[in-house]
Amino acid sequence: MTKKEFYIIFGLSMIFALRMAGVFMILPVLTVHAVSLQGANGTALGVAIGVYGLMQIIFQLPFGLMSDKIGRKSVIIGGLVLFIFGSEIAATTSNIWGLIIGRALQGSGAIGSSLIALLLDSVPEQHRIKAMASVGMSVGIAFAASMVLGPIIANKFGLNGLFHSITILIILAIILICIIKPPISSHPVKNDENLFIMFNQIKHILTHSQLMKLNVSIFFTHTILMLNFIVLPKTMINLGFPLGIHWKIYSIIMVISAIVVLTCIFYFEGKNCTKKILIACMNILFLSELIMLMNTLYSKMFLLGMQLFFIAFSLIETILPALINKEAQKKYKVTTISIYSIGQFLGIGFGGILGGFLLEMKGVWLVLFFSLIISLLCVIVVNTLH
């Protein structure tokens with residue numbers, strides 16, 4: 001790997017991390033801090049969380065097609081600018097609908113597939129797995145850091161201060177993408193058959209049983225993630241943990257999760273038991289949801305359930321992309337990754353909206369019950385993998 005390729009991989013990984021930090025930092029605090037907004041209720045808060053994912057799905061294909069026509073960097077910068085506009089609208093609003101509009105604008109900058117395409121275009125084939133691993137690691141670090149930084153910033157500066165902080169992160173991402181100089185060969189080739197080829201690729205991927213099961217799994221796990229974040233902040237407060245110390249709880253949980261995940265990765269590397277590990281993770285996910293559901297009044301057991309959930313989710317997030325990469329044919333690689341991303345965002349959108357509706361209907365118990373049912377479906381799906 002040349003020095004230039006290393007800098008491109010590092011720079012694009014940082015852009016991924018900054019952008020995803022802007023998404024993740026909201027999750028641990030939104031349902032608690034946004035309740036004071038005019039018109040806020042459980043359903044509206046769920047929409048505010050989930051609308052980001054829905055807009056990502058709607059605009060994923062148009063942004064991908066635009067990046068083929070006008071270039072990756074232009075589309076990426078445009079998407080990040082939309083993210084900034086959305087963040088500032090959310091930061092300055094006094095009612096829930098302003099927050100929803102801001103979150104929708106954030107989500108409309110669907111540049112994930114364009115970033116991945118630029119990354120894969122910019123490095124030789126023999127280094128692409130390392131490049132994708134770097135992106136995965138950067139997103140994982142961003143997720144862990146966001147669970148801690150989100151509550152700290154929101155407690156000190158409020159929800160508007162958090163959104164202003166996100167704007168700063170996205171400005172840094174724009175500066176990085178402007179600095180990065182991809183090789184000339186990475187610029188997209190104009191091709192009138194792109195649309196026809198793309199639909200054939202999508203048809204192939206959607207009819208591939210293994211890929212379909214993996215995409216369903218990522219949809220389910222992100223649905224569970226959103227359902228959990230609808231109720232975790234409120235439940236922790238009810239258990240006697242003040243909002244000001246939530247960041248400490250997340251810090252401990254994320255550090256333990258990182259240690260367990262890294263230990264598992266190093267121990268099981270090369271042992272050809274990925275499916276067994278995935279099944280074990282899904283069973284732990286189910287167990288974590290059961291523990292949280294049964295212990296909403298018992299703090300120690302509920303925290304144990306949270307810890308098990310984050311360990312299982314972090315491992316699943318590491319394993320599923322590797323399996324997707326293994327199953328995808330070389331010529332369908334980017335399209336496969338794009339559909340996988342759509343599964344993630346569909347889960348985010350569906351989980352947020354469903355969670356808000358269930359919370360408004362019957363409260364925390366019903367949200368956790370649905371998480372338990374969906375985690376059971378995850379177990380069933382992964383047990384059918386070859």
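Positions of Cβ are set from backbone N, Cα and C atoms, glycine also.
Feature annotations, courtesy of TrEMBL:
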type	residues	note
TRANSMEM	7-30	transmembrane segment
DOMAIN	8-386	domain 'Major facilitator superfamily (MFS) profile'
TRANSMEM	42-63	transmembrane segment
TRANSMEM	75-94	transmembrane segment
TRANSMEM	100-120	transmembrane segment
TRANSMEM	132-153	transmembrane segment
TRANSMEM	159-180	transmembrane segment
TRANSMEM	216-237	transmembrane segment
TRANSMEM	249-268	transmembrane segment
TRANSMEM	277-298	transmembrane segment
TRANSMEM	304-325	transmembrane segment
TRANSMEM	337-358	transmembrane segment
TRANSMEM	364-385	transmembrane segment
Annotated stretches the transmembrane segment (7-30) and the transmembrane segment (277-298) touching (3 or more Cβ pairs under 8 Å): no
Highest-contact recorded stretch vs the transmembrane segment (216-237), from 100-120, 159-180, 304-325, CB pairs under 8 Å: 304-325
Outside the transmembrane segment (100-120), six or more residues from its ends: residues with CB under 8 Å to it: 8-9, 12, 15-16, 19, 22-23, 44, 47-49, 51-60, 62-64, 67, 72-73, 75-76, 78-83, 85-91, 93, 128, 131-132, 135, 163, 182, 186, 188, 333-334, 337-338, 341, 345
Most Cβ pairs under 8 Å with the transmembrane segment (159-180), selected from 42-63, 132-153, 249-268, 304-325, 364-385: 132-153
Beyond the flanks of the transmembrane segment (42-63) by 6 or more, those residues with Cβ under 8 Å of it: 23, 26-27, 30-31, 34-35, 75, 79, 96-97, 99-100, 103-114, 222, 226, 229-230, 338, 341-342, 344-357, 359-361
CB contact flag for the transmembrane segment (132-153) and the transmembrane segment (304-325), at least three pairs under 8 A: yes
Long-range neighbours of the transmembrane segment (249-268), counting only residues six or more past its ends (CB under 8 A): 28, 140, 144, 147-148, 151, 236, 241, 274, 277, 303, 306-307, 310-311, 314-315, 318
Mean predicted confidence [pLDDT] for the domain 'Major facilitator superfamily (MFS) profile' (8-386): 87
